[in-house]
Amino acid sequence: MAPSLSLVLLIVLLSSPAIYAGHDYRDALRKSIMFFEGQRSGKLPPDQRLRWRRDSALRDGSSAGVDLSGGYYDAGDNVKFGFPMAFTTTMLSWSIIDFGRTMGPELKNAVKAVKWGTDYLLKATAIPGVVFVQVGDAYSDHNCWERPEDMDTLRTVYKIDRAHPGSDVAGETAAALAASSIVFRRRDPAYSRRLLDRATRVFAFANRYRGAYSNSLYHAVCPFYCDFNGYQVRKKQLNRQSNLDELLWGAAWLHKASRKRAYREFIVKNEVILRAGDTINEFGWDNKHAGINVLISKEVLMGKAEYFESFKQNADGFICSILPGVSHPQVQYSRGGLLVKTGGSNMQHVTSLSFLLLAYSNYLSHAKKVVPCGELTASPSLLRQVAKRQVDYILGDNPLGMSYMVGYGRRFPRRIHHRGSSVPSVSAHPARIGCKEGSRYFLSPNPNPNLLVGAVVGGPNVTDAFPDSRPYFVQSEPTTYINAPLVGLLGYFSTHSSWR
């Protein structure tokens, strides 16, 4: 029988001439985790490896009478946004849960990266019925170009509570705490129990006081981290109908962490109400649909949860929607082989969707199953090949021959959109560099003086073109939620480098 057109297109993509050589995935893994040390806020530990960074934002939270020091700056600015930070923590935890055993000596650094996030999330959820979701006025911060060590912009504290709900960010925070409790279950049982107890409390708050944090805190979080996909209102109905995927996401992780029947029942009861099957080829900090379906499907494939069968059907649909040649109209592939989706930094889609492909391929392998996609049968091996092709593109197998990870390979971005990386370090320039004084470094054509090792930038679009220039922030800015899923991918391929 002749292969289908879809299969032919897939073969062409995977044998693209842009595939040049093997990669040192172990080195890339080490650097992808080191990146998180460059994003740290607060008091830095003695074992800090990126030495050009110094302590910063030590008084965060003081204006609200709380300690909110620590955590991560999400990208190239100096604001701490709780929504992407929680998602980053969830994905780092999932990376360790599924692929930690193949990370070798880098596993301990990955666990440290999770704990830097969870220590902060515990602070942010210490008061019952309150979640602190942002530190720093984004408009004030974005009006300046200064390193975090010199920050003098407004460090306004924003929170959600019973009167100002935010089920989306609270649901993601519960997911992060629950997922990380699994990471620490054997490493630190007391800390693990603390994380799980807090996840339970935060989820209960998120579920009881429903609403979108983008509505409660619109002027603070929009347009930066509005939850465009997560919470919608049907205006013609008297009762609000939520599309709050983070509640299902949080319940899924709490079920996995606690095995409590209540969370299973919540998932089954709310699958349709919270529309688990919507936008199945979306996954990122503001849309959890594909992730929910893949995560829950593992139990179905392991023969433990037939009552979740519909989630597996959704997961199969997700797989078919992003495969080259059979993909959904919202998913494209560049001529160089890069997965492309509209909306913001493209590499966030590449790493998060590739992570799901790899995770699902492992679940299918254990169950000895494949995914039917019309005429094409997608085997676990095929899914791994597609995921690996995306990783290799990031590491340099692309038309420009450029690695999109800073510090990896011979050619990589040198002018990334990142304040700390682009302004001289405290050791090189001890005197303070003020808000507007940093503008000359932003506009400079020179390479950044401080190498943010492991940072993966937003990257090219469907044309495979990339402007190595700070003002092009969509392409040149790194984020924590690009790297977090990549840690799991690199952990796997550092041991399983052959396509099989």
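Just so you know, glycine gets a Cβ as well, placed from its N, Cα and C.
Since this is a predicted model, take the numbers as computed values, not measurements.
The signal peptide annotation in TrEMBL covers 1-21.
Feature annotation from TrEMBL assigns domain 'Glycoside hydrolase family 9' to 25-490.
Taking the Cβ of H417 (active site) as centre and 10 Å as the limit, one finds 24 other Cβ atoms among all the protein chains shown. Sequence annotations record features per position, and here TrEMBL assigns active site to H417 (among others).
Taken from TrEMBL, the feature active site applies to D468 (among others). Residues within less than 8 Å, Cβ to Cβ, of D468 (active site) and separated from it by at least 6 positions along the same chain comprise P413, R414, R415, S476.
Applying an 8 A CB threshold to same-chain residues 6+ apart, the list for E477 (active site) reads A75, G76, S345, I416, H417, H418, V457, G458. Residues or ranges marked as active site in TrEMBL: E477 (among others).
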Grab the pLDDT values for the domain 'Glycoside hydrolase family 9' (25-490) and give me their mean, rounded. 93
